[in-house]
C-alpha cells in the first residue's frame with residue numbers, strides 16, 4: 001500500500017472517476033474481497049437531488065438545495081437506501097436525477113453539507129469509497145487512491161446496458177450527449193473539480209473486464 005492512513009484511523013481505498021467509469025461496481029467488489037464497508041458518495045448527491053426534485057426546487061436555487069442537503073433524511077441498509085423513509089434505490093438511478101445531481105454537485109454549500117456525512121462512513125476494519133473527490137477532498141490521507149478512466153463511448157454503452165437491465169428506458173445517443181456534458185461540468189467546476197490526486201494510480205478500464213479491474217486494485221493494495 002502506498003501511504004499510511006492517519007494514526008488511529010481506519011484505512012481507506014478511494015476510487016474516483018467520471019460517470020459510468022465502473023467505480024461503483026469496482027468499489028463494491030473490492031470491499032467484498034477485503035471485508036470492508038463501502039461508500040457510494042454519488043448516492044448522497046443523487047439523494048439530495050431527488051429530495052430537491054420532490055420539493056419542486058430548480059437546480060439553480062443553490063441556497064434551497066444546500067438546505068436540503070444539510071437536512072437530508074437518509075438511511076443505508078445493505079443494498080437498500082431510504083430517503084425520508086422510502087426506498088429510493090430505483091429512483092436515484094434515473095437520468096433526470098443524475099443530471100440534477102451533477103448540476104448541484106458544483107455548489108460549495110451542498111458539498112460542505114455532505115462532507116462530514118461521507119467521512120462518518122470511515123469505520124474499522126476499513127472503507128472503500130467511490131466518487132469524484134474521494135482522494136482529493138474527502139479522504140486526502142487515504143492509504144490507496146485509484147482514479148478510473150474509460151473512453152466516453154465505452155462508458156455510455158456501459159450505462160445504457162445498466163439502465164436497460166434495471167428496466168429503465170435508455171437511448172445511447174442521449175446518454176452519450178449527457179455524459180459529455182456531465183464530464184465538462186465535473187472537470188470544470190470551481191469547487192473540487194474531477195481530477196486524479198497527485199498520488200493516485202490512474203487505471204484505464206476501457207479494455208478490462210470487471211474482474212481484471214478489481215484484481216488490479218487489489219494488486220495495488222497488496223503491493
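A Cβ is built for glycine as well, from the same backbone N, Cα and C atoms used for every other residue.
Annotation comment: Swiss-Prot describes 17, 18, 19, 20, 21, 22, 23, 24, 25 as ATP binding site, evidence class sequence analysis. On its own chain, residue 21 (ATP binding site) has 148, 149, 150, 155, 205 as residues at least 6 apart in sequence with a Cβ closer than 8 Å to its own Cβ. Following the DSSP three-state reduction, the secondary structure of residue 21 (ATP binding site) is coil.
For the binding-site residues 19, 25, the greatest number of Cβ atoms within 10 Å around a candidate Cβ is found at 19. Neighbour density at the Cβ, taken as the number of other Cβ atoms within 10 Å, is lowest among the binding-site residues 17, 23 for 17. Listed in chain order, the extra residues whose Cβ falls within 8 Å of the Cβ center of the ATP site residues 17, 18, 19, 20, 21, 22, 23, 24, 25 are 26, 130, 148, 150, 155.
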